[in-house]
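Undergrad: Below is one structure. I have some questions about it.
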């Protein structure tokens, strides 16, 4: 519909109204009518001319210019910008560093950015996420020289460019873009992974640049429009290619026996499309390339037989382990020593394993026996010959097969006789276990007869005679108090070797006697119950001898000779009775009765000679 026709229709439509209005206004002049008509024409023509101009602008190239201008204005005014303030706020939101250079990762995906900008301060970035934005060009990455990973998938990129500053880039993701040619990647010397899925790659020339990417190991070309089988020649020239994805391309249908062919031609390939390339698959593919399907079938059977043999061997090994465990368990239940495994028994025999412990045990035994004989020679220099006895003991231990039992049997008399200083070495003498046991029994019997053999060498020690008599005389005073008056003392039955080294003066003897009397009341029951009663069960004859060797008569004679000792005894008896209470009164009365009876007998006998008095004193101390 043309503008002139519309103007005529508009004029025709307005003329009747004007005539009517003129009829209504018959009183108005013709000049007024013309002016009103002109005004209405101007008002009617104005909008039509503007609409015509707008229609002309919409036609042709001017229409595209208007659209691009409007898009630029909307993008500049309405779209989000990658400003410094926005980046700082984003770092704070993701709890990153406020200082830009300290950040190594920046998450800018799903933000709607249309360009890369204001990243000059982020010099330490190693990973940059720009996924799912509206970016149309790769730019402004000069400051990111440390970048390792760049994710630009799902954007509006049409070309690969401006990647020269990224000399350390390892992974580049350009999937879901509009890229038609792979280019400008040879400037990345360490590029390892390239993802180009869902792009516009079609021919061999589009991927020819991959020949220059010598370090590329992972390549994803899935869901493109590659259809020429010659792309395999380009992929063969990549020496480090390990992972390849060609799914979604027409070329997979154009290559016969696609998987076998690609596996054979790409020698280093370990993963193709959606699954790995196993050694068995590669061997079968190579067999197919040599002899067809028959060779492939034969190779597959060989691999299956080897795998089956491996499984059966493992099962047999498990069964063998189980059987050996059961045998060892049965032997252990029977009390037998379980035999070692066949491999261990072939390499090292049980005799060879037992030799080192046997030698070590023998050495220890010899050292122990030698030390014991040295100690014996030091104590008894008049009995040499320890070396000969050592040789005898060594020969005996060599002949005995059961070492632990012999050691246990030989250690028993040693412990039994270790209570005596002089008899500890004597237990190790002899040529057999029976001799040592006999010596131990003799020592036990002599222990109750000679009660104080250990105190023969006490002269060099710093122990007073009063303390010595306290230790040795307490049980004897208790026995004296427990004896009856009509007991017959046997003075010549047991000599006392302790008195050989005691002083013979009356003062020293009396002091020892009364020192014993002072301490006898305090420990009257303990020695009787703990020492003499257990020994009475083992050696009843010796107990009677000990009891009979304590006559009261010499004690009373000495008391008559020295009045001072009598006074001390009188003072000690009340003190003991007062301290011990009523429990000690019977002993005091017994001593008083004995004193009276023995005083009467001493008057009848008369005063003895000094020699007899000394002998009586020795027997009285017993």
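Just so it is clear, glycine is given a Cβ too, placed from its N, Cα and C backbone atoms.
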Undergrad: Pick from 366-398, 399-431: which range does Swiss-Prot record as region 'Disordered'?
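TA: The listed stretch tagged region 'Disordered' in Swiss-Prot is 399-431.
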Undergrad: Helix, strand, coil: count each for the residues of the domain 'LRRCT' (249-288), based on DSSP.
TA: 22 helix, 4 strand, 14 coil
Undergrad: What residues in the same chain, six or more past the boundaries of the repeat 'LRR 1' (101-123), come closer than 8 Å to it by Cβ-Cβ distance?
TA: 75, 79-84, 87, 90-91, 94, 129-146, 151, 156
Undergrad: Taking DSSP states H, G and I as helix and E and B as strand, how many residues of the repeat 'LRR 4' (168-189) are helix, strand and coil?
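TA: Within the repeat 'LRR 4' (168-189) the tally stands at 0 helix, 3 strand, 19 coil.
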Undergrad: Using DSSP, tally how many residues of the repeat 'LRR 1' (101-123) sit in helix, strand and coil.
TA: 2 helix, 3 strand, 18 coil
